[in-house]
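S.K.: A single structure is presented below for examination.
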């Protein structure tokens, strides 16, 4: 069973989702407000968290921001249908993926399994190299940690996976379609800006450690490329 924390204040919906997720192999714990969520994550270990944006006491964004101070557990956020800003803000704050509510339970499970596949692949990675390096940028695969010019860079799991793909193809353009499929485990859909937001986050975090703003460039209509000799 996969340990999952479901954070939503809709008790009836939680019961229905718990029943469905349990049948799909998840051990579901629940919290119904932001404070409960923070208390549970402080004292328990989960493999993935499903977090609604609209919560009492602390909203989902507040919970995610506080959570990222001490925990890198993958988070899938549930946002109001059509609220594009909520999705972008969630990703900018460190969410791994999102779904608009009401969501199809089968799609929720598919998204969760895609996140877990990335996590499991990282944990069991048996590569001959322990690290990847392009100029001063270092990715340590076993610990999934990042350094540039000797300084640690704190990336989420999704951000690390995106950056790893770019590093492995340094000097070559990778399409957003390929990044979405390989990093997020799903097809790119119209108006999906997840990869754009993850790349933006990576750029900001790297630049705070002294990286050039042109380390990762956008090739209009083609995709993203990690440049070399910065």
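Any Cβ shown, glycine's included, is placed from N, Cα and C.
Look at TrEMBL and you will find 3-116 tagged as domain 'Response regulatory'. Taken from TrEMBL, the feature 4-aspartylphosphate covers 52. Per TrEMBL, domain 'OmpR/PhoB-type' is recorded for 129-228. Marked as DNA-binding region by TrEMBL: 129-228.
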S.K.: Could you please provide the mean pLDDT value for the domain 'OmpR/PhoB-type' (129-228)?
M.R.: 91
S.K.: According to DSSP, which kind of secondary structure is residue 52 (4-aspartylphosphate) found in, if we only use helix, strand and coil?
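M.R.: Note: residue 52 (4-aspartylphosphate) is in a strand by DSSP.
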S.K.: According to DSSP, how is the domain 'Response regulatory' (3-116) divided among helix, strand and coil residues?
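M.R.: Reading the DSSP string over the domain 'Response regulatory' (3-116) gives 52 helix, 27 strand, 35 coil.
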S.K.: Would you count the other CB atoms within 10 A of the CB of residue 52 (4-aspartylphosphate), including those on all shown protein chains?
M.R.: 24
